[in-house]
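Worksheet: one structure, shown below.
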Amino acid sequence: MSLPATLGEALQLARGRIESVDAKLLLREASGCSAATLIGFPERALDVVAAQRFVDWLERREQGEPVAHLLGQREFFGRMFRVTADTLIPRPDTELLVELVLGLVALEPLSRPCFTAGEATRSSPPSSGEGLGERVQQAAGANDQHVSRVAVPSSLGAERGFRAACRTLAEPVGNAVPAVGRGAGWPEAGRGEREAPAPTILDLGTGTGAIAISIALERPHAKVTAVDASVAALAVAQDNAQKLDAPVRFLHGSWFAPVAGERFELIVSNPPYIAANDEHLAQGDVRFEPLSALVAGTDGLDDIRDIIAAAPAHLVSGGWLLLEHGYDQAAAVRALLATSGFVEVQSWKDLAGIERASGGRVAY
Ligand SMILES: C[S@@+](CC[C@H](N)C(=O)[O-])C[C@H]1O[C@@H](n2cnc3c(N)ncnc32)[C@H](O)[C@@H]1O
């Protein structure tokens with residue numbers, strides 16, 4: 001393939017070979033030019049090194065290699081995450097899970113009121129007011145028949161109190177990967193200042209860390225733990241957390257094994273959920289992703305079944321479990337949640353109107 005001399009020639013070379021959106025992404029990265037320059041100045045010269053890099057990427061993309069692997073990164077929730085062949089490439093669909101979590105966490109604890117001196121203890125949700133379910137629904141922009149309306153816990157103390165409360169993360173257990181981020185540098189509570197409890201969140205199967213890191217950065221008062229069975233994926237996640245300055249505790253092991261004896265206010269997971277014989281495994285980007293991040297038994301539900309069965313023992317009273325799943329698995333996941341005793345079981349739709357996340361909370 002001959003080397004293109006200008007931006008315009010490069011895009012012309014890619015036409016018909018790879019998708020235009022991919023060609024522009026690769027050319028921007030190879031040339032260092034902005035999207036506007038690619039369109040507005042097609043006559044701009046391309047030096048030989050940039051042209052060679054672009055042609056190499058073009059040929060590899062033509063063979064099917066994911067753009068995220070060629071560039072070594074993928075944007076998720078407005079931030080760049082390093083991606084390798086050991087990790088799932090974060091998908092825009094999964095941003096729904098993050099939105100749901102942010103809708104629940106806000107600046108309040110998740111499942112129980114934060115008690116200030118003199119406040120009454122509440123053992124069940126109030127009967128009126130903006131509900132957690134409503135806030136989740138709003139956050140996700142969802143309008144779903146399965147979304148139940150539940151009441152909101154009392155509001156909480158100041159952000160400063162939360163940040164102070166989680167200035168040190170719990171000691172890792174199991175095969176701990178050292179915590180990263182700015183934990184040690186968080187603000188101290190002032191003399192006599194009451195420390196409010198920090199929301200505790202667990203991300204199971206963290207991959208690049210996209211979910212855990214996004215939550216930790218959007219809700220800096222939360223204590224976020226992330227687990228993965230892949231040492232290689234965890235190393236990438238740790239690297240991402242370090243670069244993005246996200247305080248996340250990373251643990252290695254299978255699902256709940258590294259957090260034995262611990263309970264959380266919210267558990268979130270995008271586990272493997274593709275059936276072993278699914279024809280999509282032989283198509284597109286997934287051919288280049290680890291099977292251990294994709295496949296979960298003959299019906300794709302093996303990991304979801306395991307997580308739902310074990311989750312109640314790791315949730316505080318009223319705590320939430322939120323799961324991403326396949327486009328046709330919502331009803332099955334809701335049934336599994338109900339069978340395991342979850343209440344307020346519901347599903348949420350993605351931007352395409354497909355139920356792609358389901359969840360529920362353990363009863364008070
Ligand atoms: C579908 S990927 C999700 C990655 C990331 N959370 C995301 O949304 O981009 C599933 C992840 O679960 C991990 N995983 C698979 N089996 C596991 C197990 N038994 N325990 C913990 N993690 C597991 C995989 O290594 C992979 O990183």
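Heads up, the Cβ atoms here are built off N, Cα and C, so glycines get one too.
TrEMBL does not curate its annotations; it predicts them automatically.
Here is what TrEMBL says about this protein:
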DOMAIN    17-72  domain 'Release factor glutamine methyltransferase N-terminal'
REGION    117-148  region 'Disordered'
DOMAIN    200-279  domain 'Methyltransferase small'
BINDING   G205, T206, G207, T208, G209, D228, W255, N270  S-adenosyl-L-methionine binding site
BINDING   N270, P271, P272, Y273  substrate binding site
| Which is it, of G205, G207, P271, P272: the one of these binding-site residues whose Cβ has the most other Cβ atoms within 10 Å? | G207
| request: Reduce the DSSP letter at G209 (S-adenosyl-L-methionine binding site) to three states and note it down. | output: coil
| If you average the pLDDT over the domain 'Release factor glutamine methyltransferase N-terminal' (17-72), what number do you get? | 96
| query | Relative to the Cβ position of T208 (S-adenosyl-L-methionine binding site), how many further Cβ atoms are located within 10 Å? | reply | 28
| query | In sequence order, what residues of the same chain, 6+ apart, have a Cβ less than 8 Å from the Cβ of Y273 (substrate binding site)? | reply | A296, G300, L301, D303, I304, E324, H325, G326, Q329
| note | A correct count of other C-beta atoms within 10 Å of the C-beta of T206 (S-adenosyl-L-methionine binding site) gives 32
| note | Simplified to three states, DSSP reports D228 (S-adenosyl-L-methionine binding site) as strand
| task | State the three-class DSSP label for N270 (S-adenosyl-L-methionine binding site), counting H, G and I as helix, E and B as strand, and everything else as coil. | result | coil
| message | Applying a 10 Å Cβ distance cut-off over all chains shown, what neighbour count does W255 (S-adenosyl-L-methionine binding site) have? | response | 21
| field | For N270 (S-adenosyl-L-methionine binding site): intrachain residues, at least 6 apart, with Cβ closer than 8 Å | value | L88, T94, L97, G205, G207, I211, L323, E324
